[in-house]
Each structure stands twice: as structure tokens, then as C-alpha cells.
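**Student:** Please find one structure pasted underneath; my questions will follow.
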Amino acid sequence: MGFRKKNKSPAVLSHEFVIQNHADMVSCVAMVILLGLMFEVTAKFAVMFITVQYNVTQGLDERAEPVNLYQYGLKDMATVFFYLLIAVILHALIQEYVLDKMNRRLHLSKTKHSKFNESGQLAAFYLISFIWGCSILTAEEFATNPTFLWAGYPHTHMVFQVKFFYICQMAYWLHALPELYFQKVRKEDIPRQLYYICLYVFHITGAYVLNLHRLGLLLLVPHSLVELLFHASRLFYFSDENKQKGFTLWAMLFVIARLVTLTLSVLTFGFGLPRAENQGFSLAEGNFNVLTVRMTCLAAICLTQAWMMWKFINFQLKKWREHSQSQASKVKAISPKSKPHKKDPARGGSANGVGLKSDDKTSPRARKAL
């Protein structure tokens, strides 16, 4: 009985070593930050990474309990960094204990394997974002009072759930950048993923910094639902190619989500904010309600929606061409074809009767032979 061959471990700090052990390395960094809470000297620095900063406690009424509100500042970068580490760890856990096991059962190709992993990770994230965002919206006045989007601007104060939601959103999309290296994403897929990662970071950070978190939250919820449906449909498609009904529903909701996004953006930047009481530009007060900022934000949203619609139309045209080509090939396969006549081996002649004439005893040659 031979000994089982052992795979050689990669060299320490080599590219392969970092890729294979990146989750463990990131976990060690997170543990060091958490251990900082145990010592008085380092506790004040560790708290800056772990807890949400810039707490502003306000008492709306003497008898009522004080409401914990938060602002944003430079220390939020440390908090985003810590939850970026948490996102890397959760990404590795989902990949190893869920997606890799499913990939072994499905036996996908390399291209489908990469897309399956991408959709699996994003489906889990969009599901959490949609549920979390809906829970925040139900507690606020967004649904009953649309003017809540711009009334009282600048919205410098946020409740804990809203601020932590934005912290986690920025941390997740920033963690997606090193994941391109850790997951060995193919070179042809890197530009496509970089485009939407940078767009997410740009828009979410912009809404957070410009105190437009109410509008940003309201736009992220339907967008998360649409993207969740797309990636869930793609997961079902990879498991069974006949399951394509989810893409039809996704196409309908995608167009509706784009219209809702444009409508709310035009309503906020073109109607609501120009009529708000606080007009002007002030970094100290967090007020960015000037024409230049409003038009820049509206143009950025409109251009992004136009780019997404352009990609959507190209995707649908590509699918339509593939479907028409497959239908044409099926019609050609079903249509009858003229088949050449074959020789009958039992009679030694062809099926059209030519071979039978040579054996016909009534022919002149046969009579002479007789």
C-alpha cells in the first residue's frame, strides 16, 4: 500500500500563500483590534474601530427618553476599515462552506464557476441589504410623507441603524476590491466588476457625505431587490438551464426601478431642495444645497441610470439573438431532408429497381442464357 502524496505548501508570503490564507490573516488583524478593548491604554483606539462614532444625544422632551443620533466624520474611516475586515471573513466563510460545496455537485465550467461564485456572494449581500433597508424605512416616514426626503435639509443627524447601514455598505464594496485578487478573478472579468464596484462606492459615499442619506436609502432598497432577483435567477439557471422565468420578472422590475430612481431624483434635486429653507454651501453645517451640487448629483444619477439601461438593452438583444439562433437550428433539425437511396444488401441491388433488372429472367440476356 503506497503512501498518499502530500501537496507542497506554498512559500510563506508568496502570492499563493496570501490567497489561500487571507481569511486567517485578516482574522488575526481583527482579533488584535478586539483585544485592544481589554487594555485601558489601547481601549480608546480600539473603540474607534469597532463602535459607531460621533454620537449626539438629544432630548426631544423632558419626560421622553433621549434619542441617540449620529453625525459623520473622519473617524468613520477606521470603523469602515474594521467592518471591511469582517466582510472579508464572511466572504471567505460563504465561499468555503456554501458555494464551494454547491460547485462540487454542479460540476460547472470555469466561466460558469466564476459567475456562480459572484452571484452567490452578491445574492446574500443584497438579501441582507433589502431586509435591513425595509426595516429602516418602516420605522421612518418615507412611505407616508415624500417631502421627508428634503424637508429640514441638511440632514446632519442619523439614527444608529441608518449610520451603521451606510458604514456596512461602504465596507462591503471596498472589500470587493481586494477580493478581486483573493478570488483570482479572470482578467476579462476585472474591468466589468471594477465598474460597478466603483459606482457603488462613489454613489453611497456621496449620499453619506452630502447628507442625502434619506434619498440614498430609499433608492438602495428597490435596487437591492432587483439585483437580488437577478443573481438568484442566475444561480437557478446554473443549476438547471431550463429555469429562466426569473429573468423575465427581473427585466420588468429592472425598468421599473430605473424609472423610480429617476423620478425620486428629479423630485428631490429639481423640486424639493430648491424650495428648501436652508440654501447655501457650508462645510461646517454640512449644507450643500446649491445649484452646482444639485445639478452634479442629478447628472451623476441620470448618467448612471442611462449606462445601466444601455447595458440592459445590449444584454436583452444578445439573449434575443441567441434564442432566435437556437430556434432556427431546431427548425432546420426538424425539417425533412432528402435522403439518398441505399442499396439493399439482401438483394444485391438498389432500391430503385435497377439491380433487379440484372436478375430478371425475361430480359434478352437471360433468355440467351437459358
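For all residues, glycine too, the Cβ spot is worked out from N, Cα and C.
Keep in mind that TrEMBL annotations are predicted by a computer and have not been checked by a curator.
OK, TrEMBL features for this one:
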{"type": "TRANSMEM", "residues": "80-99", "note": "transmembrane segment"}
{"type": "DOMAIN", "residues": "114-323", "note": "domain 'TLC'"}
{"type": "TRANSMEM", "residues": "120-139", "note": "transmembrane segment"}
{"type": "TRANSMEM", "residues": "159-182", "note": "transmembrane segment"}
{"type": "TRANSMEM", "residues": "194-211", "note": "transmembrane segment"}
{"type": "TRANSMEM", "residues": "217-237", "note": "transmembrane segment"}
{"type": "TRANSMEM", "residues": "249-271", "note": "transmembrane segment"}
{"type": "TRANSMEM", "residues": "291-310", "note": "transmembrane segment"}
{"type": "REGION", "residues": "327-370", "note": "region 'Disordered'"}
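For each feature listed, report its degree of burial, its nearest neighbours and the pertinent distances within the displayed model.
**Tutor:** Same-chain neighbours of the transmembrane segment (80-99): 22-23, 26-27, 29-30, 33, 49-50, 116-117, 120-121, 124, 167-168, 170-172, 174-175, 178-179, 182-183, counting only residues six or more beyond its ends whose CB sits under 8 Å from a CB of the stretch.
Remote same-chain residues near the transmembrane segment (120-139) are listed as 91, 94-95, 98-99, 102, 161-162, 165, 169, 172, 217-218, 220-221, 224-225, 227-228, 231-232, 235 (criterion: CB distance under 8 Å, separation of at least six residues from the stretch ends).
Outside the transmembrane segment (159-182) by six or more residues, the chain places 18-19, 22, 52, 67-70, 72, 76, 79-88, 91, 125, 129, 132-133, 135-136, 139, 190, 193-194, 197, 200-201, 204-205, 207-208, 213, 216-217, 220 with a CB less than 8 A from a CB of the stretch.
Beyond its flanks by at least six residues, the transmembrane segment (217-237) meets 115-116, 118-120, 122-123, 126-127, 129-130, 133-134, 136-137, 142, 149, 162, 165, 169, 204, 243-244, 246-247, 249-250, 253-254, 256-257, 260-261, 264-265 of its own chain at Cβ-Cβ distances under 8 Å.
Taking Cβ pairs closer than 8 Å, the transmembrane segment (291-310) reaches residues 199, 202-203, 206, 210, 212, 255, 258, 261-262, 265-266, 269-270, 273-274, 281 in its own chain, all 6 or more past its ends.
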**Student:** Could you give the residue numbers and ranges of same-chain residues that sit at least 6 residues beyond the transmembrane segment (194-211) on either side and whose C-beta is under 8 angstroms from one of its C-beta atoms?
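**Tutor:** Cβ under 8 Å, 6 or more out: 72, 153-156, 166, 169-170, 173-174, 176-177, 180, 220, 286-288, 293, 297, 300-301, 304.
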